[in-house]
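Input: a single structure, listed below in structure tokens.
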Amino acid sequence: MKISFLLLALVICSIGWSEAQFTDVKCTGSKQCWPVCKQMFGKPNGKCMNGKCRCYS
């Protein structure tokens, strides 16, 4: 039972990972990524990861 729950959680998390779009825009904070993501993908869903913006759909 625990294994099936873990597999289900892994599948759900991997779906979210596949929807993320990396950009080459440098950033120091997530707030800087919101207008970039809005312009590139139509939604202001994004955050700064490792110095670059990552947008979510």
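From the backbone N, Cα and C atoms, a Cβ is placed for every residue, glycine too.
The annotation signal peptide is assigned in Swiss-Prot to 1-20 on the grounds of experimental evidence.
Residues annotated as pyrrolidone carboxylic acid in Swiss-Prot: Q21. Q21 (pyrrolidone carboxylic acid) falls within a strand when secondary structure is assigned with DSSP. Other C-beta atoms found within 10 angstroms of the C-beta of Q21 (pyrrolidone carboxylic acid) number 14, with every protein chain shown included.
Annotated disulfide bond per Swiss-Prot: C27-C48 (among others), in sequence order, evidence recorded as experimental evidence. When Cβ atoms from all protein chains are considered, those within 10 Å of C48 (disulfide bond) total 18, not counting its own.
Within the same chain, residues at least 6 positions away in sequence whose Cβ sits under 8 Å from that of C53 (disulfide bond) are F22, T23, V25, K26, C27, Q32, C33, V36, C37, G46, K47. Taken from Swiss-Prot, the feature disulfide bond applies to C33-C53 (among others).
Under the heading disulfide bond, Swiss-Prot lists C37-C55 (among others). A simple way to gauge crowding: the CB of C37 (disulfide bond) has 23 other CB atoms within 10 angstroms, across all the protein chains here.
Look at K47 (site 'Basic residue of the functional dyad'): DSSP puts it in a strand. Swiss-Prot lists K47 with the feature site 'Basic residue of the functional dyad', giving similarity to another entry as the kind of evidence.
Y56 (site 'Aromatic residue of the functional dyad') counts 15 other C-beta atoms within 10 Å of its own C-beta, drawing on all protein chains shown. Per Swiss-Prot, the feature site 'Aromatic residue of the functional dyad' maps to Y56; the stated evidence is similarity to another entry.
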May I ask which residues of the same chain, at least 6 positions away in sequence, place their Cβ under 8 angstroms from the Cβ of C55 (disulfide bond)?
-> A20, Q21, F22, T23, C33, V36, C37, M40, F41, K43, N45, G46
